[in-house]
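Okay, structure first, notes after.
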């Protein structure tokens, strides 16, 4: 058996050897574990640390194997105990081992193994058998044992015990030793027993002990105290080892405690309550004793021993109560520069002493006692002295259970003396109910001396008891408590903020809440006299102090002498009584508190009920507010308002307003009893009301005693009382006797429901029929109301006079009749309840009554003002107030407005505007012909002037304003003002006859529609006429009228395409109304599919054909026809507006732009009443436009690409803002205002972009010729980029040949560029460092996203609002439900997603471009997470999870931060419980809008699609994505929109990223800087590292096995 630390946990374990195996028994004791690497049959063994840098214990042993010594090294890194030791190493010796020992024999620090052989040789296996093997002695006779001892010099001394004597061996040689009087034995001990400095030997035989005294010789080397004993088990810093070393050391020795090895943080076990007993004088120095969780009992100093701790630290992690050090009576303890921290006990957590204690420069911190002395407990004659010591944050926690209680830092109970000099008491507390002395509690019935000198008391408290800093409880005048030159500040308590002094037994130690002390009667509490005990403060100061009673001091039978103390700077606070002191009764001529000064600042009352600004006492006398009045009350009934109030005064004559004081209520006669035993403070009356006090007659005395008077006695705790005479009367009406049995007490109780008493008598209340709910007693029978009805009265009546049952508010019935069941109010209606015509439902504002009990929402909410009444400017009898009234016209948003004056003149203005536009077009056409003529002639000046073209940004501005106008009409609940007004102002770009109030002059919509369709024709005819007038000029320029007509169509057609197509398509936008008919959305007064509509239909079809279809078709045909002659001046004249701004290879880009505008019109017209479709459609159009523009950059002038992308981005932002305004779930007004400002800022930014772009394009057009030149072929550009980028990597000969072929000028430029690129390559960081940086940024963004989610979880809306409808959750087709239910039941999407994630990890492992792929994944997931966090913070949707209903989440930032950390770990698949983090809930409820699982799914699919290549891969990925997405749309997970939007957003982000990455990679190959912006270029160069990954990630080819191929 050997003591070892097998698992390196700091606790000593046992190694047990048997004949068949070897096992380890781990502390605390469990079942032994067999060791796999150690054999059985070990006959010799020794343990030691054979490796210098480990805390583990190794093993050297011998078995039956001849001539062999084994060494097994400990394996502390093993988790399994059976592998605690490595397989042993065999070392062959010359003979069989008969004895083993280990220690430092040679001069180095490594442990040596010494082996005695049966041949009589002694050999040493140096340095744990890793060094040389040497022979120390030969042929010694019959070696019995080996003993190796450390010395003060280098090396050790080896004692060889033989049957004939002893031999000392050392590295210096061999020394004989005289044989002792007894025969040599294996059991012996070495020590200086005689005290002469020489080692003595004690031998033990089966029958006797023998002593051989040593003699000092010349050159003797002193033995060192042992630091490693068998009990240590390889843990020299354990308490077991320290105790063993102390036991092995002589009296008065100093034992230096070994520190824990570096990196070793395991505490060592300490006993639960069995302290290690010190019986001799001993010094422990320079170490740490860290007790584990098992126990914290360390030392017991027994009489007459003296223990000194010097430069020590005692700590514990155990909560088991036990004092760290116990000092018995007659024993002593000295501490020097020692700290004791974290212990807990019943009393004296650090030191519990009955003997003598002294401490110098020591610290007692965070110790906790249940009853007495949080850090130090002194009792029964103990003496203690503390110098320059600190007591910090020590606590007594429990309510007193015995007289020895209190003292947060020090508790003194019947001790001899306590002296504290230059001590500090900081943040100590006695927190138990009734506990005393936040810092020090002194309880002395005999002579005890307490002297505190030059000490500081700060922030000590007794929050539920007495004396925030100091409490003394004295019974003898011989007890002395003296405080000299000390300072007290920030003390607090219930009684006596700084001091509480009381005679023994005067104070209550257990009381409910903060009440005055329960004092004994004056006869048992002696009055103060000159011989009373005194606590004195001399030359001391008091700072801030606060209490409920006695802001600074409390005196109960003990004098507090503050005459020599400085109270001038004191800041006293009191919440109930006594600003400076509070004094117990009775008062006497001797002052309870002696003061020579008072605080310069008046004590501060912290409650309006506080009394006694200087001094106060408990209530001493009481009076009645209605003195002399007669009191009359029934038996068992309170006095009510006639009772009046009791007024209290203290011994100083001050009014007592103590709301914690209770007055006792009693009687002076045995015939009555008090119905309320006490009277409490009434906060409303601000006094002690007697309204609930009263008398009741006891059994056997009534009814004879009714009408007699009896005394009601009100008493104070001090014994003072007052008697009030009360006359007992009969029970009044409404009350009846509780019983007719006169042997029981008489109580006049209120008649319960269903009973009554109409006379003053002693009879009980009589029963009446009892009806529940809406039941009503009619002729003795309860009649209930029908459902959802109420009665208007509740008195007993006959059937003829019973009140009716009418509909409750919010309910109605078709007949509006009484006593008829009612149903819930219809949607859009208000039901006032009741009966008759006034009970009929009427429409809410914004709704219209379409039938009895049926209400529909008005198309224009402001048109219906309530009660089915149409607002001004709307026809009063029109369905849903859809028609404009006479004298009003319809605006673009569908609302009606009064006609302006002279409305007919606006039609003339419209005609004039068309004519003026035609004239302007003709002038522009002539200018265009002139420019064509100049270009065709090729003249220099004219050619230069021809470069002055109209900026295309002006066209973009017009289209942008048209889109803003469309958004103004969209039903997105824009705030007005100002957003709605700003958007409507942009409608000026949408040419519409509604601007001219055409309804007022032309009431018929059909005629107005015909006008709208013919206005372009009128414009064309006027233009044609003007061109005919100028045909001579045209002929001179060799241009036909058809050419100019083509110019006009291509120039103005795209600009007016949106208003023209909208004007044509609105004829087909119809909606069904509640009457079953269809009406136009643009003009609801016109019925669709009716006569007028059908008559106009042919013209509408022609308009759609011409304006909607023919225009883009004409452009497409023309561009295709002339695609090879685009540089021709005539083609430029005709169609240049369609393609001149685009690059040569994107000449057709104008047609997709027209399609984009058509889609905008289609969604705005036909999805105007479906907000979700409108939003999704427009969002898809503009995001797709952004992606295409980013990928292809079709504009010749790159600034135009940037401008249009910016405008598309701004419109997307406006769409998102409009969606938020439509949802209208802003948490507060401030958030709403912020979003209004953001929307306005987006519009302003877009307009500023257009203005700057317009100016820059003007400058560009003035300096760059307008001649169309073909772009450089992409293959040529790529070739040049490759040649330039690779030139530096060619050999000198190859480079020379290439430069000669290209030319010297190109070579010079290429060399300059290539050298720059070469230098840059060496400066780029490695892929791993970049990936780590990206991962760090990703982690920060994910945590920010998690923090936003965690803060959003506290919103109640997502947990209280019913979930939204979703077809996937509740399929409308039963067959679909039967298909999806098994999927949800048997397939876990989390497991599928985890499987896909492991596939991605495997791809990372095998892929050559793993770092590039990993960075892409991190960037995509971080971007999605950031967008997700922002959107979830902005928008709250109700959770579909049933577990979220009614959930309440802690909304503090600290808990949100903890939840965020837990969520971040969960995203990384790390259980947050490992770090002690918690969510506070099982299910996240508010993380909708964007699906987090889909974010991970999208990132995985992106990696797999980018990294792998196979014909079957993309269908498989698509199917897996669809399956997982469907499973994520689980009824308790997500809505369909959450997953779909996430997939679309992720695909868009991947598309944008890959497009930009390819562009940057091409730019790097060409040696140019990408025009996508310096920041984007720099970011993508950092992420993609194109100089390392010259091409996109390789795609690993996958192939199916031959058997699986089709």
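Yeah, the Cβs are placed from backbone N, Cα and C, and that goes for glycine too.
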For the feature transmembrane segment as recorded in TrEMBL, pick the matching range from 1452-1472, 1473-1493, 1536-1556.
1536-1556
Matching range for TrEMBL feature annotation, transmembrane segment, among 874-892, 931-949, 950-968, 969-987:
950-968
Pick from 1512-1530, 1569-1587, 1588-1606: which range does TrEMBL record as transmembrane segment?
1512-1530
What range among 1371-1391, 1392-1412 does TrEMBL record as transmembrane segment?
1392-1412
In the same chain, residues at least 6 away from the ends of the transmembrane segment (1009-1032) whose Cβ sits under 8 Å of its Cβ atoms read 910-911, 914-915, 917-919, 921-922, 925-926, 992-993, 998, 1002, 1041, 1044-1045, 1048, 1056, 1060, 1063-1064, 1067, 1096, 1099-1100, 1102-1103, 1107
Distant-in-sequence neighbours of the transmembrane segment (1044-1068), which means Cβ under 8 A and at least six residues beyond its ends
921, 924-925, 928-929, 955, 958-959, 962-963, 966, 990-992, 1009, 1012-1013, 1016, 1020, 1023-1024, 1027, 1034, 1080-1082, 1093, 1096-1097, 1100, 1103-1104, 1107-1108, 1111-1112, 1114-1115, 1118, 1133-1138, 1150, 1153-1154, 1157-1158, 1160-1162, 1164-1166
Sort the residues of the domain 'Sphingomyelin synthase-like' (1484-1553) into helix, strand and coil with DSSP and give the three counts.
50 helix, 2 strand, 18 coil
Looking only at residues six or more beyond either end of the transmembrane segment (906-929), which have a C-beta under 8 A from one in the stretch?
900, 993, 996-998, 1000-1002, 1015, 1018-1020, 1022-1023, 1026-1027, 1030, 1033-1034, 1037, 1039, 1044, 1047-1048, 1051-1052, 1133
Given a Cβ distance threshold of under 8 angstroms, which distant residues of the chain, six or more beyond its ends, lie next to the transmembrane segment (950-968)?
892-893, 974, 980, 983-984, 986-990, 1054-1055, 1058-1059, 1062, 1141, 1157, 1160-1161, 1164, 1195, 1197, 1200, 1203-1204, 1207, 1211, 1214-1215, 1218, 1243, 1246, 1250, 1253-1254, 1257-1258, 1261
Integer mean pLDDT for the domain 'Sphingomyelin synthase-like' (1484-1553):
79
